[in-house]
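**Q** Residues annotated as ATP binding site in TrEMBL: PHE109, GLY110, SER111, ASP122, ILE123, ASP124, ASP176, LYS237, TYR246, GLY255, VAL256. Annotation comment: TrEMBL describes ASP122, ASP124, ASP176 as Mg(2+) 2 binding site. As annotated by TrEMBL, Mg(2+) 1 binding site applies to ASP122, ASP124. Taken from TrEMBL, the feature domain 'Poly(A) polymerase nucleotidyltransferase' covers 9-46, 69-223. If you look up TrEMBL, you'll see 229-373 marked as domain 'Poly(A) polymerase central'. Residues or ranges marked as region 'Disordered' by TrEMBL: 1-23, 542-569.
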Amino acid sequence: MTTEKGYLGVTPPISTAESTEREKEVTSTLMEELRQQNTFESVDESRLSLFSASSGEAGDAEVAFSIFRRESVLGRVAAVVKKFVYEVSLSRGLSEVAANAAGGKIFTFGSYRLGVHSPGSDIDTLCVVPKHVSREDFFETFEKMLAAVEGATEVSGVPEAYVPIVKAKISGIPLDFLMARLALSSIPDDLSLQDDNLLRNLDERCVRSLGGSRVNDEILRLVPNVEVYRDSLRCIKLWAQRRAIYSNVNGFFGGVAWAILVARICQLYPNATAGAIVSRFFIIMYQWSWPQPVLLKQIEEGPLQVRVWNPKLYPADRSHRMPIITPAYPAMCSTHNVTASTQMIVTEEFKKGADIVDKVIVGTASWSELFQKHDFFHKYRYYLQVIASTASADTQIKWAGTVESRIRQLVMKLEYVDSLILAHPFIKGFDQISHCITEEEVRQVAQGQISDTVAKRTKADIEGVDGASTVFSTTFYIGLLIEPKPLNAVGPRKLDISYPTTEFSKLVKMWEKYDEDSMGLVVRNIKSSALPDYVFDEGERHPKQVLKRPKTGKGSGKSSNTSPDMPNKKRRLVQTYSYAFTIDLAWLRAQQIGHDARWRKYYSGLVVLKCAATWRNQRRVCSYQQGRQ
């Protein structure tokens, strides 16, 4: 697809040249590595890339008629949605004929819709219902009906989320369900979501829910080569997951944001191969002039009374640190959750990725180095544990989800603490089931102190024991980077985090379903040496006791042949390669900023990250410098 301008995007391409032979070679090795990393789902498991519930949309090859595992699950879900609408319609007084005609339809979005799903990935599913079906019906009636489906487990609704969601597993396949209620009396089977008029008279939550499917369709229409885009996106998604920066709820980038970033690079290099797109992705993103927004097309105002992202009009939009704007109307910021800390972390990962890919291009590194596991649990000396616990498996899913959705608020409060440079949230919680026989064991488990005896105990061990109980707990972690102790400072340093942790506890306990007697919440700090074994993979070395910073002086240490001052031909090749793209990026900035003068005044005050040398104990000393673009 090309526009009247002859190109896709808000600026002309940086280069329309074909990829070099070397870039084609690294693309071939990249695809081989992605296969070895098991990022492609086998045909035997599912023909997912051929299926879309919104049949006929762009990017679909054909409808897969054979019954495969995922398609079968989606077919059952579609039937449940129709049954749900039918029953609610009858309860509203509609006749049986009208209730049958009320319809109900599912649309897929996310990695499933984009065709970049991997084995074990979830299916993002939108349930579209008529106007007489309420959101309360969705979280009360539909959630119960879903739990009754054969093979359904871990069904849990989070109605308070920014985009209200129901999570479930059916036949082992995870699904995330959103709901959108249209201002229609019935939902026809051939409904398409492309019509902007469908957004009339909808509340903001329904508009956000519809956005997922509409945005995915628009992205596929705005990239010059869908296959190159998909291969590139697979690589970036895997990298982001391995580096633990793939989580919208925790303040990093979610799937939509990563998809838009890769699409933008594809627009700038329309004839490049996947390997070339990935290399340019890291260099451009590392040097991007945030908070300049990433756009795939000009923002459309539209005739409807719905909010469109506009930092000139809305102060909240002006506060977004790394705005990545969705291309479908109404334009929204997909990265509104990013905090000062997560911006620093993502920027650092972009820089590391750029360094590795530069080496891949010149042949001094392999793609496998890009996908190395994160070092979160080796990186900091101090961590915060946030422990959510209950006595019920079903309640725990809801309670843990509620706590996780508020972790970002805790991070933002911690950023105001003196002497704390950075608060780094981990992207997932760790679930534990502990079988206790005394009240003291229950208390210790709720505090995050699970003894070896309790950890080894099974459910059979407590059967028939008076006073025995099972505790379900989920623990979240936040790494704390503390300022170095000033020279000549006397006495121990104090880090007071009582206010942010207390405020966080109050915020979480405001949940309308919170029960003080059955739900526990503990926030405590621990040293890296006290991290439990379950946060490490099998065989992964437990972090050693962090040593004090070694004294340095004249003549200390041995000389190294890897000094940056030593001549190195391959290093110069890497520097030359990076320099070429720095020039390209300067051109891009001039084009991007000049394309719409309305945004110029908001691009000043750019936060520039400086990272000092890393200590041997893996603490980093970072500082901010306020500069002007």
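Positions of Cβ are set from backbone N, Cα and C atoms, glycine also.
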**Q** Is it possible to list how many residues within the domain 'Poly(A) polymerase central' (229-373) are helical, extended or coil according to DSSP?
**A** 73 helix, 6 strand, 66 coil
**Q** To which of the binding-site residues PHE109, TYR246 does the lowest count of other Cβ atoms within 10 Å belong?
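**A** With the binding-site residues PHE109, TYR246, fewest surrounding Cβ atoms within 10 Å: TYR246.
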**Q** When you put ASP124 (Mg(2+) 2 binding site) at the centre and draw a 10 Å sphere around its Cα, which of the binding-site residues PHE109, SER111, ASP176, TYR246, VAL256 have their Cα inside it?
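**A** Correct set: PHE109, SER111, ASP176.
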**Q** Looking only at C-alpha atoms, tell me how far ASP176 (ATP binding site) is from ASP122 (Mg(2+) 2 binding site), rounded to the nearest Å.
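**A** Cα-Cα distance, ASP176 (ATP binding site) to ASP122 (Mg(2+) 2 binding site): 7 Å.
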**Q** Which number gives the other C-beta atoms within 10 angstroms of the C-beta of ASP122 (Mg(2+) 2 binding site), all protein chains shown included?
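**A** Cβ-Cβ neighbours of ASP122 (Mg(2+) 2 binding site) within 10 Å number 17.
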**Q** Pick out which of the binding-site residues ASP124, ASP176 has the most other Cβ atoms within 10 Å of its own Cβ.
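**A** Ranked by Cβ atoms within 10 Å, first place goes to ASP124.
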**Q** By DSSP assignment, list the helix, strand and coil residue numbers for the region 'Disordered' (1-23), in that order.
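**A** Secondary-structure composition of the region 'Disordered' (1-23): 3 helix, 0 strand, 20 coil.
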**Q** Would you mind checking how many other C-beta atoms are within 10 angstroms of the C-beta on ILE123 (ATP binding site)?
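**A** Other Cβ atoms found within 10 Å: 25.
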**Q** Rounded to the nearest angstrom, how far is the Cα of VAL256 (ATP binding site) from the Cα of ASP122 (Mg(2+) 2 binding site)?
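**A** Checking the Cα atoms of ASP122 (Mg(2+) 2 binding site) and VAL256 (ATP binding site) gives a distance of 14 Å.
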**Q** Could you tell me the mean pLDDT the prediction assigns to the domain 'Poly(A) polymerase nucleotidyltransferase' (9-46)?
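**A** When the pLDDT values over the domain 'Poly(A) polymerase nucleotidyltransferase' (9-46) are averaged, the result is 87.
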